[in-house]
Amino acid sequence: MSKVDFNKETGPREVFCGLTSIVWLHRRMPDAFFLVVGSRTCAHLIQSAAGVMIFAEPRFGTAILEEKDLAGLADAHEELDRVVNDLISRRPEIKTLFLVGSCPSEVIKLDLATVAEKLNLRFSGQVRFVNYSGSGIETTFTQGEDGALKALIPLMNSTDDEKLLLVGTIANNVEDRFKKIFNSIGINNVESFPPRQSTELPKIGKNTKVILTQPYLSDTVRDLKHRGCEIIYAPFPLGVEGSTKWVLAAAAAFKIPELKVHEVIAPLANRARQALQKHTEILRGKKLFLLPESQLEISLARFLHNECEMELIEVGTPYLNKDLMEEELNLLPDDTKIVEGQHVEKQLDRVRASCPDLVVCGMGLANPLEAEGISTKWSIEMVFSPIHGIDQAADLAELFSRPLTRNQILTSKTLATY
């Protein structure tokens, strides 16, 4: 393992909660509905993050817990039953309904697992109910997907068929390109989890080889292991380097020669490196500080240092699963400072002291830092954007070069006015 400088911090933190993952999960599975059991704040968060007006009837909603529910003056279970009945009658196309816990529902100990069991009996054969927690007490925003996928694993049937299972939500067009690459090298049975329809869950078993597309799925990996799946450990498919090593790791698990892989991906890699050049010219030598939020930080740091030649000041991450991240850590330069957890005030002090050219952070910190003259990039954009794969390397780099270019233009215009 690379001799990185590991540190751990505890204290006040500034991150989105796991409810935010509903935004990309509901797009991935259009036959599913996500019902948050929470407060008006929860409802505002999801609606704002998704950019969808409520009259557009999106595939998510909030069962509002009022003050009387929180005070124990009303039966929240009865109210939830009523909301679910109304929802199913108005939206008969729903095939899977996720009951999503929040901070308020957990504070009053609302047992959504029992609620889901009862609803499954009542609506058997019509709608399937599962539950998970998106509470900010327990999760950062990407961990909501981990909870949702973990909740689906008990519903997955068993099989002894040999297959490759891509685990983690990615854009449909990215998934199609990955499958095309795997088919070209001789891996023909490739499925994805989560699937494009919630009712089409892949079957799994001892001959299922799992490779992650996202680094924040620790609980999902643990449960897939318990079902007998083999986990393929690899860097994550961000950039040319990460995507190449990711495909090579999958190929090795199926005993496919490296030469065959390179024959297929070499033309893609060459085009991607050429497309990266204009962004590398902007990013080369620039100092980067990554604050913890998404668990993508280590993979992004590897890409931005190794392929875009940025200097890493500090790489923060909410949680660090060393088993899942070992291959990524091995690709980082020695003495890279990695901080697990967060004491936001101390980290902001280090940001100011280090004078970075770019800070990757949450939306709540971005505007204050911009007001201090520090360029920022919202970490949530990495989850909402199709950034995976060799083909997307230049698009990923552009997410970081764009704020630097913008500030350069604004600075030149400001100087021109004097």
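We count from 1, first residue shown onward.
Even glycines carry a Cβ here, placed using N, Cα and C.
Among the candidates Cys17, Cys229, the residue that Swiss-Prot names alongside Cys42, Cys103 for the [4Fe-4S] cluster site is Cys17. Cβ contacts within 10 Å of Cys103 ([4Fe-4S] cluster binding site), excluding its own Cβ and spanning all protein chains shown: 18.
The Cβ centroid of Cys17, Cys42, Cys103 marks the [4Fe-4S] cluster site; residues of that chain outside this set whose Cβ lies within 8 Å of it are Gly18, Leu19, Val36, Gly38, Ser39, Thr41, Leu45, Ser102, Pro104, Gly134, Ser135, Gly136, given in sequence order. With a cut-off of 8 Å between CB atoms and residues at least 6 apart in sequence, the same chain places Leu45, Ser102, Cys103, Gly134, Ser135, Gly136, Thr139, Thr140, Phe141, Gly144 near Cys17 ([4Fe-4S] cluster binding site), listed in sequence order.
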